[in-house]
Amino acid sequence: MAARKSSQSHSGGLELLFSNQRKHKVSIPSTSDATTGQPSNVAFLIKWLCDNLMRDPRKEMFVLDDTARPGILVLINDADWELEGEEKYELQAGDEVVFVSTLHGG
Amino acid sequence: MNGFSGTDHQVHNLKQQIAATETQLHSLKLQLQQAEQQAEAARHLSEAYQGGFPAEWMDETLVALQQDVTRDIAQKVRQEGGFEGAPSVRDAAQPRRWPLEKHEYKRYGRQLIMPEVGLHGQLRLKNARVLIVGVGGLGCPAAAYLAGAGVGTLGLMDGDTVEESNLHRQIAHSTARVDMNKTQSAMEYLQSLNPHVNYNRHEFHLTPQKAIQIFEQYDLVLDCTDHPTSRYLISDACILTGKTLVSASALKTEGQLIVLNNPPRPPGDALGGPCYRCIFPKPPPAESVLSCGEGGILGPVVGVMGVLQALEAIKVLTARAQRPANGGDWSTNGATSEAAPKATLLMFSTYNTPQFRSVRLRSRRADCAACSAQSTISRQSLTSGSLDYVAFCGATAPINLLPPASRVTATDFSRLPRDGSNVLIDVRDETQYAICALRGSVNVPWTGSADTWLERALASGLSFGGGRQHFVMCRFGNDSQLAAKAVMERTQTPVAVKDVKGGFKSWRDEVDPSWPDY
């Protein structure tokens, strides 16, 4: 199965959930479902990250109702994922996906 | 008799009419004199800026002049007519040749000569009223730069008092002003920086009931607070009162900045900038929200963000165009296209390369609870207090997980024998443990999950056996309960484990006053 490279980074404290590392280069399957050939989208990436990259058991700090929890901005190539089709955005080789936790201190 | 009294009455009437006409004549002469002076001032102005002073700014400047002139005439007439005894403070005979005061050219000269500001920008700053909500790590530097830039009116809102732990970052406060209300402390600093600004103090925390009435007194709002509760409230109130909002936040080594409701438009108008709810329709889980007191903050990080807020405020204020002649809404110079404006999030991260990163966010949300046509949040829902922001964002109640038998006070713990029969597990992180720790304690930082923490505890050599009594302790007494509960529930054999109530805070209060209060 062909793999798709995607760089993915965390900030705003989320890196704590991902082995305290801000940037990860990951290769994910190009299709999320081998039978239908459905191309991998961001929803699949989030699930994949939970299952494969996240060592911290506190999944609820990253995911709620199968999507990024409230207070996390998902950015695809420096743009809000809402401008790109949200979870349904189909990942391309070399895409950069950033998960940012909002800060509240002041 | 009747004839005489009739003539007397006529004489009296004529005298009254002459007096009234003389007053009117005098007032007309005064007006003529003022009009001539005004015309002369305009000629001077025109000469002074010939070739370099766009016509649209000229009007703005003349309006500023005219307001003064009219006020002077009114006062003069009242005095002459005997309605007002006190002499005018301002000598009306002195024409205002220049739109700014003499000292203002000097004080603001370095920004005045920038094309981005110029005379028109300085006049706009002078006429602007800016509210700063929260006079802490963000609010102090923001207020300092806005006062320095000559913003006409600065409102400062904060109900907190200055604490020693604020001073490494909250630059408007001082050691001598610890325990003073933050707005009072900041005002003393700002007064000495620029006494020509009009400062308003709001010596309390923002509430939904007060928000609308206060925001209406200002043109622009800076969110310098530190909790989602206030961030949603400030955004909602800005939408309802039509104010642009400059919002920033900072924690540990990172900061975020976003300008919202820019340009400001009423709910349902897609040409307005998005609000906080458009970007974050749902609040984050309360347990994921860390304060500076809990997570820590580097002074320059929050300082950078506060300074950037002042910069964005200056950009918004100086870019504001003239109200169109047809009486329409204000519009900004930049927003010439009719496309729905999007927000931009600026992220700062101390240890990232590059440190600054700017990302494109969305435009207004069509189903936003605050700024869409279907908005459910109204002035009424704020002023009546029916909107509960604390409930919306969720409150973290003090943790109380363990039965009383599984807890000891710091005092009781200090009286236990130190003969090796007791084990103290300190669950603070490594950095805090290195600052101060009790001799003989074992450091197993709380990881946020029972399983991974227990794994680490066992890896550090703890066996939870051998008939020894285990005590768990942390900074404030919350994590220690979670860790103690993990031991009780996840170990196979019953283990004697208790948490020390109130953690090292209680230890300092009850047992060892010299324990570092960081």
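Cβ from N, Cα, C; glycine included.
Please treat TrEMBL annotations as automatic predictions, because they have not gone through curation.
Listed in TrEMBL:
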| type | residues | note |
| --- | --- | --- |
| COILED | B:11-45 | coiled coil |
| BINDING | B:Gly137, B:Asp158, B:Ser165, B:Asn166, B:Leu167, B:His168, B:Arg169, B:Lys182, B:Asp226, B:His227 | ATP binding site |
| BINDING | B:Cys275, B:Cys278, B:Cys368, B:Cys371 | Zn(2+) binding site |
| ACT_SITE | B:Cys292 | active site, glycyl thioester intermediate |
| DOMAIN | B:423-516 | domain 'Rhodanese' |
| ACT_SITE | B:Cys474 | active site, cysteine persulfide intermediate |
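With a threshold of 8 Å between Cβ atoms, none of the recorded positions B:Leu167, B:Cys275, B:Cys368, B:Cys474 neighbour chain A. B:Asp226 (ATP binding site) is 23 Å away from B:Cys371 (Zn(2+) binding site) when you measure Cα to Cα.
Highest local Cβ density among the binding-site residues B:Leu167, B:Cys278, B:Cys368 belongs to B:Cys278, counted as other Cβ atoms within 10 Å over all protein chains shown. The Cα of B:Asp226 (ATP binding site) lies closest to that of B:Cys292, out of the recorded positions B:Cys292, B:Cys368, B:Cys474. The separation of B:Gly137 (ATP binding site) from B:Cys278 (Zn(2+) binding site), Cα to Cα, is 26 Å.
When other Cβ atoms within 10 Å of the Cβ of B:Asp226 (ATP binding site) are tallied across all protein chains shown, the result is 25. Here the candidates are the recorded positions B:Cys275, B:Cys292, B:Cys368, B:Cys474. The one whose C-alpha lies nearest to that of B:Leu167 (ATP binding site) is B:Cys292. B:Cys368 (Zn(2+) binding site) and B:Ser165 (ATP binding site) are 38 Å apart (CA-CA, integer value). Of all the recorded positions listed here (B:Gly137, B:Arg169, B:Cys474), B:Gly137 has the Cα closest to the Cα of B:Cys275 (Zn(2+) binding site).
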